[in-house]
Amino acid sequence: MLPGAGGSRPGGSGGGGGGSAAGTPGTLTSLLGEGSKRLPQAAGAGPEMLPGAGGSRPGGSGGGGGGSAAGTPGTLTSLLGEGSKRLPQAVIIGVKKGGTRALLEFLRVHPDVRAVGAEPHFFDRNYERGLAWYRDLMPRTLEGQITMEKTPSYFVTKEAPARISSMSKGTKLIVVVRDPVTRAISDYTQTLSKKPDIPTFESLTFKNRTTGLIDTSWSAIQIGIYAKHLENWLLYFPIGQILFVSGERLISDPAGELGRVQDFLGLKRIITDKHFYFNKTKGFPCLKKAEGSSKPHCLGKTKGRTHPDIDQEVVQRLRDFYRPFNMKFYQMTGQDFGWD
Ligand SMILES: Nc1ncnc2c1ncn2[C@@H]1O[C@H](COP(=O)(O)OS(=O)(=O)O)[C@@H](OP(=O)(O)O)[C@H]1O
């Protein structure tokens, strides 16, 4: 276990939550080889503070830019105090390090999407503040515009499905998933960037290196058991109300994935391959024009970090560990993410 792995924040209950979800099927429980176990504090999950955190941007509503269906640009809308703050109709619930920021930034280009910039962490850490507090974080929208937010820790928060369902049973949920092994390494890389003295990835992976027993209580490992977390959501939402976005394809074919997302949200397909270019220096797709700007825009330097080299034997051991859970996840979602 990583002692106090990164993520503890004052007043925060953290992205933890989810021990074994009520109703975890016997197969998953036995695959894990254990009974209920608390998911520790998500490692190193600091809030992403975008400029104008809290949803606002200078002169903007956090939506900014883009004309609405009625033709009023978002920034003008908020300056005029037009429109109203609404609870989100769609939420990106995970997964941590899946590519959630990229998806939200790309979606914000759409004139009918308005999103809060920072992660509200309402359904995990701030729930006691109430829905009025949550709504107040949201940008103003006009009829026909969709309000969105992203907080990746919701996916692994045991209470989140019931809470989101009680806000609105019709909330559309989006999960960006990524190969759980790469995701774990990405998660560790983030923690390492904040706490350079932590033990190696290899030593944190195992409860006992000699026997090869994996420490499933380490959040970097635990978060990637997608099938287990999904069980918890399916107690409250039909599978058709959850869209699974491939984190890998979001990089290799952003326009293709954005096409699926726009369809799911009932939006006109406005974001297309014309909006993206591949930035060789960054090594990732970037926007030709960011929302509310005429300049090209790549994500910041905390996105697309160089990962440390991990012992290939350990990587292989993790691949073997995740395989049955991945298969189960493919079966549950009807999608093969090609992680093996
Ligand atoms: N276009 C583009 N630009 C930069 N980065 C991109 C992009 N698309 C996906 N990604 C991947 O997003 C990973 C970070 O995921 P999240 O934004 O979900 O992280 S977080 O949970 O909000 O911290 C991040 O992980 P790392 O590469 O490990 O840093 C990226 O691989």
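Every residue gets a Cβ built from N, Cα and C, even glycine.
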Per TrEMBL, member of Arg178, Arg317 binding 3'-phosphoadenylyl sulfate alongside Lys97, Gly98, Gly99, Thr100, Arg101, Ser186, Lys303, Gly304, Arg305, Thr306, His307: Arg178
Recorded positions compared (Lys97, Arg101) - the one with the fewest other Cβ atoms within 10 Å: Arg101
Pairwise Cα distance for Cys286 (disulfide bond)/Thr306 (3'-phosphoadenylyl sulfate binding site) [Å, integer]: 18
Other CB atoms within 10 A, centred on Gly99 (3'-phosphoadenylyl sulfate binding site): 28
Coarse DSSP state, helix versus strand versus coil, of Thr306 (3'-phosphoadenylyl sulfate binding site): coil
Distance, Lys97 (active site, for sulfotransferase activity) to Thr306 (3'-phosphoadenylyl sulfate binding site) (CA atoms, angstrom): 13
